[in-house]
Amino acid sequence: MQCHAQLSSTFYDRTCSNALTTIRTSIRQAVSRERRMAASLIRLHFHDCFVQGCDASILLDETPTIVSEKTALPNLGSARELEKTCPGVVSCADILAVAARDASTLVGGPSWAVKLGRRDSTTASHTVAETDLPGPFDPLDRLISGFAKKGLSTRDMVALSGAHSIGQAQCFLFRDRIYSNGTDIDAGFASTRRRQCPQEDQNGNLAPLDLVTPNQLDNNYFKNLRQRKGLLQSDQVLLSGGSTDDIVSEYSNSPRAFASDFAAAMIRMGDISPLTGQNGIIRTVCGSIN
């Protein structure tokens, strides 16, 4: 982890004082047009930070796994808008970090002070994207160690998993779980999910990660786990007799504990290996090198 000290929430106060307002307006419009956009923006920042540090490398990457998220940012006008008003000042990496925070607040989640001053990478790493991102089939020990590798605690990992309180997943990512007849899945829940996710085909059919409040970033995700209604294997594994059970119980009982830990974990995640100072560049178009 390098140069945390150089990130600061006041980084653009002198050089582009309207940066945060411009981004917020753009995110508000995008989320009001399509509520699902909030989940995409939070996931985009998460994937970016996990792949090679929060450096907007994800926006250069062509791997099919993230194409859907990448399309979220260009639709946002905020990058183009800032390039007009403050050319060459605000990085795409910072736009992603601010967009994630604004998206959270727009769907009922917490707010936090975003540290700024990241710069953009000139490369994208396909291999790291394949190996470092947590997967929907990961067992608990792999989730814990994958987050630890990035300097995030087990508690951070459980809190950040709560982002699955919004957004959707494709059928092929939860098919095995809903047809497993396992003891870790509620039978009624499994049969509901099977209606839209047959055993063959329809791989891309979507289901909400949180059945109860699919468009609210809240602690319902954790309540669902207590009823064995986690959609992905990597969700339900957080409450499976292991070291994270107590944290899940705490968050399911206390919206406030979840909100404050989620905000703190998002700040720590935004600190993963940023490029600062003379490193990296400020991209004028987020999806390509200047």
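Just so it is clear, glycine is given a Cβ too, placed from its N, Cα and C backbone atoms.
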* Structure fact -> From C3, C16, C171, C197, the residue that TrEMBL pairs with C86 through a disulfide is C16
* Asked: With reference to TrEMBL, which of the candidate residues C54, C92 participates in the disulphide bond with C49?
  -> C54
* To do: Could you identify, going by TrEMBL, the member of C3, C92 that forms a disulphide bond with C286?
  => C92
* **Extra residues within 8 Å (Cβ to Cβ centroid of D210, T213, D218), Ca(2+) 2** => S165, I166, V212, P214, N215, Q216, L217, N219, N220, Y221
* Which same-chain residues, if any, lie at least 6 apart from C86 (disulfide bond) yet have Cβ under 8 Å of it -> Y12, T15, C16, N18, A19
* So which recorded positions out of C54, C92, H164, T213, D218, C286 end up within 10 angstroms of D48 (Ca(2+) 1 binding site), measuring C-alpha to C-alpha? -> C54
* Near D210 (Ca(2+) 2 binding site), which residues of its chain come within a Cβ-Cβ distance under 8 Å, counting only those 6 or more away in sequence? -> H164, S165, I166, N220, Y221, N224
* What is the Cβ neighbour count of C92 (disulfide bond) at a 10 Å cut-off, with all protein chains included? -> 28
